[in-house]
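**Student:** I am attaching a structure below and will ask some questions about it afterwards.
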């Protein structure tokens, strides 16, 4: 089945269609194996990767070993992202810093742009956490028990996330520590470039080369999503049964609700800055429509910038810069709202629970790493792994398999929030700089 999914015609079927076909095949196959196992009975259960439990003692010819094989494929694929997330954050962070213009005294426009972007990213993350925790996405009891979130205080969690050893932090996926190391490295290289450009120029070139290679590796891994989604859904269905489908559907419904709520907040903030909701929706209709069709924030950026400058009559110099920045760094949908909810889903599916300290850590981690994955392919996927690994919930990574399978569906609301978010940021920044 996985081999067949991997050979689906790429020219006739879009990548999103192939991922959904893979997920559908895995769902049907997983339900069949689950039903056969229940029909023939099971004399026991085995525990495979990350504690997932399922009965597998079945008569010959009825799918013996399918759960283990599906789980193995799932864990190997998710392990690739666990392996990638540390280097991705480090390389992207260093590159972001060395490509940022240096100022002796930061201009008001630059300062406002960064502050607005960070605060809006944190707000989107908070909305995702709020709705995820409120509706207990991923939770329904009988999780695979791979993680138990303790009652650590905020200082204890901060110590766990602090830099200790760069090599160890990279391997462990401590993204906050890696992000801090990337910031320090980039700042040092940037500072030295003023007087010793000949010395640090090879490092600049190495960073760009590493970024290109890293991007190619990420694209290769992401290209395996159709086959991986089949393995993921097979593993989930044979482990949890049909009930897991409701958890996934519930997640998608809550994600849409959270996206609508975030859009309302954006409209309120725009209204406070002098742009009515009606004017916002009317001017941004083309950009939002393109976001829903293409599921690409970058592709929708020209329409968003045109809406801000021509539709709303705002200062084009400011709005173009702020909107372009917001659509690439600190994306409110892919980099904040979605990974926050994915973290809640994964932790709940693992049988863990959210404490105030963990929620605070998640807010900090998601907001920071939304900058640490700037320019990386598969932003939302990288962001969700960064959220789980960065908060120390490594045992819950298996829960992100479901996110791989439904990624094309989740991409619609989160891309919309990316686009409306870049417009909102531009409106707020332009209003503040106008005063």
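Glycine is treated like the rest: Cβ placed from N, Cα and C.
Pulled the feature table from TrEMBL, pasting it below:
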| type | residues | note |
| --- | --- | --- |
| TRANSMEM | 15-36 | transmembrane segment |
| TRANSMEM | 76-98 | transmembrane segment |
| TRANSMEM | 119-137 | transmembrane segment |
| TRANSMEM | 171-190 | transmembrane segment |
| TRANSMEM | 202-224 | transmembrane segment |
| TRANSMEM | 244-275 | transmembrane segment |
**Student:** Which sequence-distant residues neighbour the transmembrane segment (244-275)? Criterion: at least 6 residues beyond either end, Cβ under 8 Å.
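**Tutor:** Residues packing against the transmembrane segment (244-275) from afar: 27, 123-124, 127-128, 130-132, 135, 137-140, 236-237, 281, 312, 332-333, 337-338, 341, 345, 349, 402, 405-406, 409-410, 413-414, 416-417, 420-421, 423-424, 427-428, 430-431.
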**Student:** Return the stretch with the most CB pairs under 8 A relative to the transmembrane segment (76-98), choosing among 119-137, 171-190, 202-224.
**Tutor:** 171-190
**Student:** Using a Cβ-Cβ cut-off of under 8 Å, list the residues of the same chain that are 6+ residues beyond the ends of the transmembrane segment (171-190) and lie near it.
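**Tutor:** Distant contacts of the transmembrane segment (171-190): 82, 85-86, 89-98, 100, 102, 161-164, 200, 203-204, 207, 364-365, 368-369, 371-372, 385-386, 389-390, 394.
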